[in-house]
């Protein structure tokens, strides 16, 4: 165990990509594609830059000095913008007081473009990948989340290495072998990265096996598992707090406040105990490698009995956010029963007057004010009974025998009606299939009444 700890610590050493803890004063620049295949039909440049600003606002000591929307035909070219726009933008950035960085709101820029832009503007340049990764770093608490971040950095380190090598080659005319080893600098560094990636994947696999062991133990106890999912900052943690009454849960009004899977116990109207799982939030254009790195965190969802999809119905892009969440869920290869039985929750309805969901079967709630929570719990219970095959039934037990205490331990006892005249009781229970099988074989003479 100690050796493993040391290995993991070594893999989690300081990252060459880390932005550093200091304050940053940023210009947020959004390249707006006005037409063509790169234009997003579901959103506007103003909403996209607002989300970029919201990302920056989650970081301590980071402030936005200015937000600039500049049109471009092709955001993939070297300088992102056309010549005239690029010049105007450069002048604007240079005039900003004490600016330390520019956040260019594109998924990812090549390290070559990054270097050119930094030379032109004289400050650091970040893309969405770098900023989201930095937020992840600031929010990661568990070893698993930290390892997943280290894994997400590998592709960046690789592309940085390529550019570093081509720069060195230009300076000294052709690559040099390292001290007679027959390996070029590029090959050595690539090998080191490959080894590191393998070690991280192995460490994550060990943690996954540990989790799957815990999952098996949880399954044995037959607690239904409900995954609460949604776009980042839609109110998942607030909802779980409201459903479980768990005072220790501190929802934060920011993107990616939850990075690790956390589980919380709660009770449904029938007193059935369930486990609510709080998951990482989603984001549009979340860089692909990042989603890949966090798939281990999301794989818990595959093992749930029900998904509750929470939407912030007040958000101007709520439809795009729903599409984002559903597309990620589809890519997780979830069993179709999970996708078909999903409960859609429209949260924050206290902020909209007389809100009525247009989607069929969607439930309108306010997690903060407690509106609609009873209906939600009833809907969850109905779906959980179907998903888990649990039964609600009444059994006759002899109060002298061990049946009642057995039922309390192995099932959910809802009501006990004692018949003092003959020393028996009618007990209403919710019981899982395997526990029901054990009950019948242990107490073959017990009378069972199905509803």
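Keep in mind that glycine also has a Cβ here, set from the backbone N, Cα and C atoms.
All TrEMBL annotations are machine predictions without curation.
Listed ranges 130-157, 158-185, 186-213, 214-241; the one TrEMBL annotates as coiled coil is 186-213. In sequence order, 235, 312, 313, 314, 366, 367, 368 are the residues near residue 348 (GTP binding site), counting only same-chain partners six or more apart with C-beta under 8 A. Around the Cβ of residue 230 (GTP binding site), the same chain contributes 236, 281, 282, 309, 310, 311, 312, 321, 325, each under 8 angstroms and 6 or more positions distant in sequence.
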